[in-house]
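Structure record follows, encoded as structure tokens.
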Amino acid sequence: MAIHRSSRSSEDTEKQDLSLKHAPTLQPSHLEDTISPVQRIATLPGRAIGIQLPLERAPTTARIPIEYRTLSIHVYDSQRFDYPGPKPHRPSPGRRFWRRKDQAATDAGDGDADFFGKLDFHSITPEQVCQRFNVSPDAGLDTSAATKRLQRNGSNVLTQKKSQYWKKILRYVFGDFCSILWVGVVIFFISWKPLGDPPAPYNLALAIVVIIVIALQAIFSGLQDWSAQRVMASILNLLPENAVVLRDGQPKSIPSSELVVGDVVQLSTGQKVPADMRIIKASNDLKFDKSILTGESEEVAGTVDSKETNFLESHNIALLGTHVCNGTATAVVVLTGARTVMGRINKLTNSSDEQKTNLQKEITRFVIIIICLTVTLVIIMLITWLAWLRVEHYDFLNTTGILVDLMSLVVAFIPEGMPIAVALTLSLIARRMKAAKVLPKSLSVVETLGCVNVVCSDKTGTLTENKMSVVSLGFVDKTFNGTQEVKMDSMAFNELRRSMTLCNDAFFDPSTDNLPIPERQVQGNATDGALLRYVSALPGGMGLIKEQYNRVFDKPFNSKDKFAFTYVEPASEKRRMVPQGERVILLTRRAYRSIHPHGSIKFEEELGDAALGELTVIGLVGILDPPRADIPSTVSELRRCGARVFMVTGDFRLTACAIAQQIGLLSSRADPDRVADFEQKGRHDQLEEVRDDRHAFIEGSLLVEGKEIADLKPEQWDVICKYEEVVFARTTPEQKLRIVTELRGRGCVVAVTGDGVNDAPALKAANVGIAMVSGSEVAMEAADLVLMGDFSSIIEAIRLGRLVFQNLQKVISYLLPAGSWSEDWPVILNVFFGCPLPLSSFLMIIICCFTDLFCCLTLIFEKEEFDLLTIPPRDPKNSHLINTNIYGQSYLFIGTMETITAHAMFFYYMYSAAGIPITSMFFAFANYSDGYYGWSQDELNNFLNTGQCVYFVTLVILQIANLNSVRNKRLSIFQNGPQHNLALFLGPIVSLAIAIFVTMEPGLQNLFGTATVPIKFWMLPIPLAVGLLMMDEIRKLLVRTWPKGPIAKVAW
């Protein structure tokens, strides 16, 4: 609203001519873009394309506004503020997968919302507040009463979060696989001393080697955590040191920590509010800076009375941590310490832990399965030893021997290199995403993108260019488009031009003043920029009109009131949509006399009321914000990859639908369905047909307006969430959060885009929150991903998210055959069949942590085998990282071939070198000792050591073939050869070098019993490895030939 002040004497009552620019249909996530007279340039978040703005930075940590916004929304929800119907449906607590990322915070937040929703300190009179706390507003509390209250309620301090470094260190050292490896360390130490007789250095060395492996994993995990950690500034310094209170009738400065409820506090300019308090007296110019809570730097007026029902949003409540920018006030403390708004936010941020992402859950699931299998085998072997071997073959396997065998089994079953491979895979994909202008804030959230099946996007600046231009003008009797001549000298046009000039905060960047008007950079929001360019291009520009008026006052736009005005000349902004997707601004004017003096709170309230009625229409301005050129193809690609795109906008329904049709989000030109049409069109019956099919939807499009959301029932939400195309129009931030919650509660994996402060709760509630780099810091803090380019980069992000899952499956499928299955069977043969151990524990560790690790790391560089966007999104509940098919491929197919081949090489060497046939190796038990087949004990030990190294070398060479096999699930090596991933040549070279070093280094030979492998047994495994590769090629051929055949069904 702009206000034109007529000339007057200082004694005269003021008379103003109000031209209103009214905006009741603004998009909540883009409020800043549509309020020309509200925000000063310093407070505008820089996000317009072609309109360069400085990035808004919150004065302190950006996480506080996220929690504050969410809490405020929940308070409205608990009060049923926006609607008279029942509270909105919330997903059942039993459906844990779809609960918010931080369920502990959610539960606590719901309790806080109910608490603040029931407070009425802001709605009762100052006298009632004083009566409730038994305090005199003129004398304050007496010292004795204050002391008793302090003892009863505790000090006014915020709880400090204790350092959790020791927990992190424990998690690094004892978490996941490390927990069971430590058991192995203890057993190896015990086997060395005191059970060793004499103590065997081999067992001590094994214990040290396992400790080194644990240390390397812990260091790596710590570095990953440290590099990804986002440091949040402490909020403990929000509490001022001292406060001025009335005690015993006298003003007194006391430490803020000694404040109690009922204290009468005096506030003045520059002070920090020391507790949550109710204002009972205030100067006319009282203003607060609440940016620490809201993330918005616009000053907020403080009043004695307020009509606001929400305690957190009421103007007569001063909240702890906010600043008094101007004026003075007297207030009564109503909440202190942990009970304050800031105290409860502090508690949430201190106590809540982020819930694990889908990938973290999958890794944990895999760890649990491996540990359970390990423990099961250990128990079976221990029972076998106790019941049989210990009785009949004690000399073969004594206590020390069985403990070493059991720990060998533990070491064998656990793929120790997997955590490092997973972390490096995520790091590499994160770098590739950054190259695609997508910045992931958390490595593990990258994979979640591949599961997304609903993308909720706002409109302005995301789907559209945010480059607005005036395309039409309208008056009472005639409309003009951009190509028609308008009579510049007409009274109607001059009134319209004056309003567009005065109700405008945008301006040209002085450094571009020498450029043509269309090429100049604009400082300000997109709507004002469009009016600025239009008026500036007219003869005389804007200068003459601006010189004739002075700006006195402006009121910011907010998503609740839906309008803003500037006291220069009456201005109000009303927006509606037309079929072409134009944004139409209605300009009005009104003659008005103000009663209250400038600068007072009453003056502001008076103008706000005056802007709502008795308005004369000046004209209409049509502004077009065209869709981005790449958006139609982006929407099409998202649909191709199985993700539905929903528009969630604050704009009017006709404009939202027009833009949605232009970009292909609504595929039909017909009017979309409405909620009221469900019964008539039989949508509930159609829902039953597709309810249980995750990839089947109700065909058609749907339009839902914000005013309808409050009254929706759970069964209606069931239908809405199954529609293929949905546009949510005229929504508020509260409703956007509700939409996300309802979608997640019905099994959808939701990605939400946003860039405003008000988007933060929805971004945090989504499975994947996506912020624009040009948005507010609060939005980027709440998001999981930041798009540094345009919206189309989300396609590459989804592709890479799916590639992460594919490559991790390949990594694990590569590690399991040799690093688990082929290492278990030597122990099984040793315990159950009395065979000398074909593979030593030391060589098992070398395979898991070194030779296999370097080879599997080459798989993280693999590109997609086929177009990953053609497959539907993964269902996190049913589609797991490690499934039955992968276990079958790794254990029963590749693993079994490797196990048989490696054992065959071991037995062949023992026969060719020592003349001991395979039949004599089985059930040898204690017979394999001095004199067996005429060999001494030392000679037998040497044969066994060499045979173990033959087994080891065979596995290393076979794994090279497995590496080339596992990199393709369906394609042949001739279709996608190793030349497409040059790292495949480096990994095997490093692995072979390690194998040569381990078997030939004299120090290791003496300590760990390794031995030099004859060249013959380096050559023999090569054709066997080729045979393994060919066997898998035959499997792939059968899968490609009969894609629905039995082999294809069990293929991984």
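Cβ coordinates come from backbone N, Cα and C, glycine included.
Predicted automatically and left uncurated, TrEMBL annotations should be read as such.
Residue ranges 830-851, 940-961 are listed, and TrEMBL annotates 940-961 among them as transmembrane segment. Long-range Cβ contacts of the transmembrane segment (366-388) within its own chain (Cβ-Cβ under 8 Å, at least 6 residues beyond either end) map to 176-177, 179-180, 397, 402, 405-406, 409-410, 413-415, 812, 820, 824, 827-828, 831-832, 881-882. Beyond its flanks by at least six residues, the transmembrane segment (408-430) meets 176-177, 180-181, 183-184, 210, 213, 216-217, 220-221, 224, 359, 363, 370-371, 373-374, 377-378, 381, 440, 443-444, 446-447, 800-801, 803-804, 807-808, 811-812, 815-816, 819-820, 823-824, 826-827, 837, 840-841, 844-845, 848-850, 852-853, 856-857, 860-861 of its own chain at Cβ-Cβ distances under 8 Å. Packing against the transmembrane segment (1006-1030) from elsewhere in the chain are residues 201-202, 205, 840, 842-843, 894, 897-898, 901, 905, 909, 941-942, 945-946, 948-950, 953-954, 957-958, 960-962, 964-965, 973, 998-1000: each is 6 or more residues past its ends and has a CB under 8 Å from a CB in it. When each of 204-223, 940-961, 982-1000 is scored by its Cβ pairs under 8 Å to the transmembrane segment (169-192), the top-ranked stretch turns out to be 204-223. In the domain 'Cation-transporting P-type ATPase N-terminal' (120-193), helix, strand and coil residues by DSSP number 43 helix, 3 strand, 28 coil.
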